[in-house]
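Engineer: Quick one: the structure is below, and I'll ask about it shortly.
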Amino acid sequence: MEKVHAKESSPPDGGYGWVVVVSAFMVMGLTAAVLKTFGLFFVEIQEHFDELASTISWITSVTIATFHLGAPVASALCVKYSHRAVLVTGGLLAFSGMNTSSDSNWHYLYWCFSGLGISFSWTPAISIVSHYFSKKRALANAIASAGECAFAFTFGPFFQWLIGQYGWKGALLIIGGIQLNICVCGVLMRPLKSNCCLEAKKSSTTHKTFNWMLVRRPEFVLYAMFGILAAMSFFVPPLFLVPLSYSLGIDESWTASLLSILAMVDFAGRLLCGWYANLHVTKTIHLLTMTITLISTSLMLLPLANNYLSLAIFTGFYGFFFGTTVAVHITVLADVVGMSDFDSALGLFMLIRSTGGFLGPPLAGLIVDMAGDYKAGFYMAGATLVLAAVFLVILDQFQQRSERGSQTNTKPEKSTLPYPSLHFLKLQNRSYQEHDVVV
């Protein structure tokens, strides 16, 4: 079993792994970026079904919920079958969801807007990258996650053009067809083959398709608490950035450019942080703590903006540090639980984190209503991230204490003889003397 563990802990760190990274880059763009740009369809769908904005807004909320709730199922299926099989299934579900959404009433939109397809695509894509890389894991994850930014930057104007040419229903049909490329990416996700690993699966270690006992590990619980608090704040800034700019009297055309700035600096932050983490100069958990602290600082400063230039600068800072956080937070999860439990941990982490995504926007909206100012939402998000950073610090201290304890337990036991080396020399000398007598 120890031999198997050594084999599993030594992934290729290159070679075909880069094909997997490019495929994951495409999957991120075809899932998360599509979800990010759904706002372009909001008014069109609202007018078509003649529903309240609050009713239509549940489409995005339920899609995000389905995305998170489906992650543990996707992780379990990855362990039982393969990442490739789950990814291809995810592509088919995403295509079906888009087609169903374009030809149904709004009740079905709640459940069919590709949430499960996104979950079954995103989860195995980000998971298999971590299996293919160890030393370069942070860089590989950063490149893969950057697909979300790259595609979001181009999907905005493209989707707007599709709506103008074919209407929102026709646009969803075309987008569903484009998402079929997820299946192609899934086929390229070649499983890591190892005889040792196959023998291990037949043994007692992998008969469980999902390890729920992770919730009993303190280090995972601490990281899950960080995930909840981070999700509470991450969904808030994009929600209130445009309304804040309008309240400052900024023209709509300039406001749209803020979203482009956000996407570009997010992309740069992911790649730069992934490259830096690959140098192994700083522990990934220390790097994540630093980026979370910088995000909270930028969110606290953003409400101080009083014109377009200052708002663009603070938005740029927020987007850049958000990108650096996304680049390393999955890598930290792998470091916390180890690769043997990573698939289960990723699904469980996403499931637990969903509570933060649900609570954050409504809580921020309540605070904004009470304060009568959109700036209050940014203060709330910044304060929540400060608390998230505290959990990272506690986790780091816990890990350091555990490492010191394991080092102490692995020290060799001291011999009961006061002078073992002298005793050995005496025995050796006696044997020589006996040998001389015999001769």
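Including glycine, each Cβ sits where the backbone N, Cα and C put it.
TrEMBL entries are annotated by machine, without manual review.
Annotation comment: TrEMBL describes 16-35, 55-78, 108-126, 138-159, 171-192, 220-242, 254-273, 285-305, 311-333, 345-364, 376-395 as transmembrane segment. Annotated domain 'Major facilitator superfamily (MFS) profile' per TrEMBL: 219-439, in sequence order.
Please go over these features one by one and say how buried each is and what sits next to it.
Structural biologist: Same-chain residues lying 6 or more positions outside the transmembrane segment (138-159) and placing a CB less than 8 Å from one of its CB atoms are 17, 21, 24-30, 32-34, 36-37, 40-41, 125-126, 129-130, 132, 171, 175, 259-260, 263-264, 266-267, 270-271, 273-275, 277-278, 284, 323, 326-328, 330-331.
If you look at the transmembrane segment (171-192), the same-chain residues 6 or more away from its ends with a CB under 8 A from one of its CBs are 11-12, 16, 19-20, 23-24, 26-27, 30-31, 34, 41, 82-88, 90-92, 94-99, 101-102, 114, 117, 121, 124-125, 128, 131-132, 159, 162-163.
Sequence-remote contacts of a segment are chain residues at least 6 beyond its ends whose Cβ falls under 8 Å from one of its Cβ atoms, and for the transmembrane segment (220-242) they are 64, 214, 255, 258-259, 262, 292, 296, 299, 302, 315, 318, 322, 325, 329, 332-333, 336-337, 345, 348-349, 352-357, 359-361, 363-364, 368, 374, 377-378, 380-382, 384-385, 387-388, 391-392, 394-395, 398.
Counting same-chain residues at least six beyond the ends of the transmembrane segment (254-273), those with a Cβ under 8 angstroms from any Cβ of the stretch are 138, 142-143, 145-146, 149-150, 152-153, 156, 238, 241-242, 245-246, 287, 291, 308, 311-312, 315-316, 318-328.
Beyond the transmembrane segment (311-333), the same-chain residues lying 6 or more positions past its ends with a Cβ under 8 Å from any Cβ of the stretch are 126, 130, 137-138, 141-142, 145-146, 149, 223, 227, 230, 234, 237, 241, 244-245, 248, 250, 257-258, 261-274, 277, 284-285, 287-288, 291-292, 294-295, 298-299, 301-302, 304-305, 342, 345-346, 349.
Sequence-distant neighbours of the transmembrane segment (345-364) (same chain, 6+ residues past either end, Cβ-Cβ under 8 Å): 61, 64-65, 67-69, 71-76, 119, 123, 126-127, 210-212, 214-215, 220, 223-224, 227-236, 239-240, 330, 333, 336-337, 376-377, 380-381, 384.
Here the transmembrane segment (376-395) has Cβ contacts under 8 Å with residues 219, 222-223, 225-226, 229-230, 232-234, 236-237, 239-240, 244, 285, 288-289, 292-293, 295-300, 302-303, 336, 360, 363-365, 367-368, 370 of the same chain, all six or more residues outside its ends.
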Engineer: Where does the mean pLDDT land for the domain 'Major facilitator superfamily (MFS) profile' (219-439)?
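Structural biologist: The answer is 82, the mean pLDDT of the model over that range.
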